Amino acid sequence: MVEIDQAEPATPTHVVHTNEQCNIACTTCIKSLTLFLLPDELFDRSRSEIQDGRRASSRVIRYKWWMQVSVFTIFVLSGQSAATMLGSLYFNNGGNSTWMATLVQTAGFPITFPFIFFFSTSKTPPQNHQITTKNPSWITIFALYMVLGIFLAADCILYTIGLNFLPVSTYSLISASQLAFNAFFSHFLNGQKITPLITNSLVLLSFSSTLLVFQSDSEQTGETSKRKYMIGFVCTVAASAGWGLMLSATQLAFQKILKSETYKVVFEMILYQNLIASVVILVGLFASGEWKNIKGEMEGFESGKVSYVMNLVWTAITWQVFSLGCVSLIFKVSSLFSNVISTLGIPIVPILAVVFFHDKMNGVKVIAMLLAIWGFTSYIYQHYLDDLKEKDKTRIENLEVDLTETTRMSQ
């Protein structure tokens, strides 16, 4: 009797416990069976959604990149062309101050203040989550901007002297050599690969500017003394070499020192570089004594005082538009690409001179323009091929990630 009394209460408890286990086991079996029967559909759907999201994101990034490069290209071409035309108008209407013509190339830097404020206050998320590098010290940044600013001031004054002492076509020919100098420096400082298409682009753009020397400049050459001609030649060659080196050094500074992915650093580069260059040029303006002749130059300006002031103001603004496009292209692409765009604009000036200054258009100018467009297209096609390679690389990486995720989900 005692054994029966002990067994009776244990029976219902044992039965309840078995039912709970059965429910859990059934549920687990159903889930396992579902995953077993439909794994491919579930994984294909997940993989398809991931791939579609990545493709859409990649397309947006590429379109955004090309749009930014296109806008900066317009800045370079429009700013350089307008500034060159205004500079020519300055000398044609009675301006003769070398230091003033140099100062307006850098004095427009205050227009970058609003952009720096905007990009400083805007909260943009970082583009990647890599380990953050240590920011350079203020001494390093100060030394960098000092060197680049002084270098820019020297380069601007050399270009101004060359434009004063040389015919425009000869000046354009020598200035086009900056492309070869930049290609040389970019190869050693920035690791720029010189492909056949890039070589073709460099040759065509150089020929495009070289053709301009065959225009009729006999009157200007006759009026220019041999001594001034040699000074202008040496100054323009030195300025072209310096500009090519400076573009490569700017790209190197972005890569090795500043190491930033925001446009704030671009505007800071333009601001401080042009600020220091303007201070150096102002010292030269007062040291040379040319500042004493500014009032007389303004009164003797053919178009009047207001036109004189507006000419200087808009020249300064257009040069800053050029600087913004130039430095931004270095930041987004490379110094060589930025120089290619700048060289593309050299044949545009004669076309604008026909429209605004009523210069004569001849076959040489037309051929120079066509060669410039051909060379530019060749360089853009190289970037198109690079973009295709980047797409293939991204697609392979996405496939590897998809395989990894599929393996993980199947486990």
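Using N, Cα and C of the backbone, Cβ positions are placed for all residues, glycine too.
TrEMBL entries are annotated by machine, without manual review.
As annotated by TrEMBL, transmembrane segment applies to 65-91 (among others).
Outside the transmembrane segment (97-119) by six or more residues, the chain places 83, 87, 90-91, 152-153, 156-157, 160-161, 164, 262-264, 267-268, 270-271, 274-275, 277-278, 281-282, 284-285, 288, 290, 293-294, 297, 312, 315-317, 319-320, 324 with a CB less than 8 A from a CB of the stretch. TrEMBL lists 97-119 (among others) with the feature transmembrane segment.
Listed by sequence, the residues of this chain that lie at least six past the ends of the transmembrane segment (139-162) yet keep a Cβ under 8 A from its Cβ atoms are 98-99, 101-102, 105-106, 171, 174-175, 231-233, 235-236, 238-239, 242-243, 246, 249-250, 253, 257-258, 269, 272-281, 284. Here TrEMBL flags 139-162 (among others) as transmembrane segment.
Per TrEMBL, the feature transmembrane segment maps to 197-214 (among others).
The annotation transmembrane segment is assigned in TrEMBL to 229-254 (among others). A Cβ distance under 8 Å defines the sequence-distant neighbours of the transmembrane segment (229-254), meaning residues of its chain 6+ beyond its ends; these are 144, 148, 151-152, 154-155, 158-159, 161-166, 170-171, 174-186, 189-190, 221, 260, 265, 269, 326-327, 330-331, 334-336, 338-339.
Annotated transmembrane segment per TrEMBL: 266-288 (among others), in sequence order. Sequence-distant contacts of the transmembrane segment (266-288) (same chain, at least 6 residues past either end, Cβ-Cβ under 8 Å): 97, 99-100, 102-103, 106-109, 112-113, 115-116, 119, 145-146, 148-150, 152-154, 156-157, 250, 253-254, 258, 320, 323-324, 327-328, 331.
Here the transmembrane segment (308-331) has long-range neighbours at 68-69, 71-80, 82-83, 86-87, 89-90, 93, 95, 100, 104-109, 111-112, 247, 250-251, 254, 263, 265-267, 269-270, 274, 297-298, 301, 337-338, 341-342, meaning same-chain residues at least 6 beyond its ends whose C-beta is under 8 angstroms from one of its own. The annotation transmembrane segment is assigned in TrEMBL to 308-331 (among others).
Positions annotated as transmembrane segment by TrEMBL: 336-357 (among others). Tertiary proximity for the transmembrane segment (336-357) is limited to same-chain residues at least six positions away from its ends with a CB under 8 Å from its CB atoms, namely 73, 76-77, 80-81, 84-85, 88, 92, 172, 175-176, 178-179, 182-183, 186, 190, 192, 198, 201-202, 205-206, 208-209, 212, 243-244, 247, 325-327, 329-330, 365, 368-369, 371-373, 375-376, 379, 383.
Annotation source TrEMBL lists transmembrane segment at 363-381 (among others).
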